[in-house]
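Encoded as structure tokens, the structure appears first; notes follow it.
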Amino acid sequence: MGLPVCQVWLMLTHFVLSPPPQTAPPTVRIIHSGHACNVEEERHTERVYTIREGETLELTCLVTGHPRPQIRWTKTAGSVSDRFQDSSVFNETLHIAKIQRTQGGRYYCKAENGLGSPAIKSIRVDVYYLDDPVVTVHQSIGEAKEQFYYERTVFLRCVANSNPPVRYSWHRGREVLTQGSDKGVEIYEPFFTQGETKILKLKNLRPQDYANYSCIASVRNVCGIPDRSVIFRLTNKTASPSIKLLVEDPIVVNPGQTVSLVCITTGGEPPPILTWVSSNDSLPQRSVVKGGTLTLPAITSDEAGVYSCVASNNVGNPAKKSTTIVVRALKKGRFWITPDPYHNDDHIQIGREVKISCQVEATPPEELTFSWLKNGRALRSSERMVITQTDPDISPGTTNLDIIDLKFTDFGTYTCVAALKGGGIPEISIDVNISSTTVPPNLTVPRGKSPLVAREGDTVELECLVSGKPKPIILWSRADKEAPMPDGSMQMESYDGVLRIVNVSREMTGSYRCQTSQYNGFNVKPREAIVELIVQYPPTVEPVFMEMRQGLGRPVVMTCRVLRAHPSRVLRFEWLLSNRLLHAGAFDAQRDETEYTIRSLNRDGWGEYTCNVINEAGAGKCTFQVTGKAYPPEFYYDTYNPLWQNRPRVYGFKLQWTQMNPNAVDRIVAYRLGIRQMGLQRWWEQEIPVDGTINKGELMTHNLTELIKPESYEVRLTPITRFGEGDSAIRIVTYREFHCSFEEEPICMFTQDKNDDFDWTRHSAATRDTKYTPNTGPSGDHSGSKQGFYMYIETSRPRKEGDQARLISPFFNVAPKNPYGITNPPAYCFGFFYHMYGKHIGTLNAFLKQKGQTASEGLVWSLSGNQGDRWKQAKVSIHPTSSFQVVLQGIRGPGIEGDIAIDDITLEEGECRDPPPNLSAKALSTSCHIWLLCVTLVLTLLEGQR
């Protein structure tokens, strides 16, 4: 049993680690929680986190570095390229509830604070799952007759999606089928499937082969995933599906009708399952499927297409029957006039030929009929009035009326009427007037409409005047470059010659072409015109906003730069402070920036400065916030900060920080400290005075006391200068005891003694070398996990008997409240688990090493020899009188079967409760010796106080 080293009364005021560095580049490590079923180290660097589909993934990125690094999680997939669905995550913990198989892959944690290169660590997440297996049945090719399974060779194929790869087993009834167990059965795995399936081959079916077959898929219970199975009943009636559609093909209907497609099975055992699919990727939203019947209520033209009934029972190939639904429609009626092609003249003239063409889109096209009227009376084809229908392959849905040798009496209104046979669809009528006023088109741009100058954001109308009769459709496009129009298309139609653009942008500056179309006009060479559009926009400047922090009496230079503007030749600027004009002028032709300088900043100079850069379209604005506000402090997170006060209900915390850019503004005279308990509203505040000037990177500390265990607190720290309060920084203070399980590489800031013979090694059973020494060392960490880490001494060659390995803890500081001396020594319970198994086990020692004492380290615990193949706990009370460290020393025994391991080191306030009896006689005598020294020290102190 461990005895107290000193019974000296000491009041503990704080407990800290050794002073940290002022600035440090980032380091990063990934720890896991959530529902992992396995975490292992692969080879040297890759960590694999295995989790069952549907469980919660939780990875935490622990960082060190000062200033506090920014953290970002990203992902790449393990097998194929896959973007992180949740995009990047900018906090320490990555949490994915109900993880899916597609979310497996490699996750990266990146930390950067501007010092050195970013720190990056990764972990591969492997999502395990097992779907229900599916059995499909096939007969050997070329043997199919009327009886599908009568004396035939049959293949039963079992497939299940899984990770890790699945193992299959086949059963016939209760009989387990294996290769060679039955001459009529062969079990094999096709080479090209790479373990994805297992095939059961029944050669030349026998009566006993008609039975229930079970395929069991297993992933060997990894992650607790149970086996899954499927049963298939093979009989002499087993057959592939066959179906029949009780509808015509195609089905021609009018819009608004309700269409029902009926599909029935005509064969198949087991009974097939019927489904409907559409050529439009998915069935219409309003469709109803009931059994084998698909109903489409109030059908529209968009729902036309091919509909297929598919029957499947996993025997043979699925059966499929299709029909096409045609929805009757007429739309897009257009016409054009073609003058006599044998004369080089676009006008219509008496005595020459003229052709009128009429076109519509018809569904179905074979039902389309045309009729012609002249002035409302039916017109029949004759020698001078020739009515023809264009070849559908050349110009579908088109009819022509050729007027040969045009006469004055032929002038009038010609009407083309398009209809579908059977009616039910409204006709389309197109009127075309042929007269002496029917003339080809001409295009002009109105005066003053090109170039058209507009300001960004305006609504503009580009206009082309169309003359002629009839007036054709006008087509608008970009003339200066191959670029889309404002609506995204390459060409826009206009019936009045006007192109309207809403919210015009600077990218729309350029040349636009208006061009006549042949539709609803003359089929002649297109007429065209060009309209220039110039979009003016205010200057784009930088910086849009900049905060400038500066101390009193120092100069401030503000620069506003013009990036682009239109027009750019005439630019003016004006500098203002809170709407008060300071300076104004015009830009030089050679310069694209303007400056304003404050030679010596005074209190009146603090405020918001604006620089307006102005052209005809408006102004661009640079804003500068000139302030004496101090930058925020940067909390230091990389030390173990709780301060134990040797009191059961309260604890303290050593707050540490550096000041960001302390010389940028006036000297910081104090900090305002605010603290509140988490969950409560009230803040308690106090000022921390600062003497002298703070240097960049200088570490400052303040001890928080009287914090209630185990509550957490929110701490706010605000610098104060002559200007007033600066920016605040906030952090959370959490109570925690010291505990080290060696799970992460930094090993809790323990260090290897440079003066020993060899080092302790961080290790886990999962990555232990297969050549390790048997009959010694643990098979897992203290918790029993093969993936957990611990520290051990490797006693194989070249180690020899008596060699020492020493592991030293970080410093723990003890500072007395009483300036005249220590009146009550604090008590701490130092604990750890040890594993000492092997016939050559040497000795494990624990020492208390106190700062400033000339005496040698005090042995507080010691144990030698084989203690069995199990972890045991050691606890010992220690009573340091100054800053101290704990040293764990492993000494090699007489042979190679002497590995010693330690794990889960703790340091808690107070005496140990019921410590295990592990202390050797040597340690006992040493403790008593130290106790006597301490009593002598106390008597000397008391004598001095008299």
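Cβ from N, Cα, C; glycine included.
For 26-126, 133-218, 241-326, 339-435, 441-532, 539-627, the entry in TrEMBL reads domain 'Ig-like'. For 738-914, the entry in TrEMBL reads domain 'MAM'. For 1-18, the entry in TrEMBL reads signal peptide.
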Using DSSP, what's the helix, strand and coil tally for the domain 'Ig-like' (539-627)?
3 helix, 58 strand, 28 coil
Checked against DSSP, the composition of the domain 'Ig-like' (241-326) is 3 helix, 49 strand, 34 coil
For the domain 'Ig-like' (441-532), what does DSSP give as the number of helix, strand and coil residues?
3 helix, 43 strand, 46 coil
Do you know the DSSP helix, strand and coil residue counts for the domain 'Ig-like' (339-435)?
6 helix, 48 strand, 43 coil
If I take every residue in the domain 'Ig-like' (539-627) and average their pLDDT values, what number comes out?
93
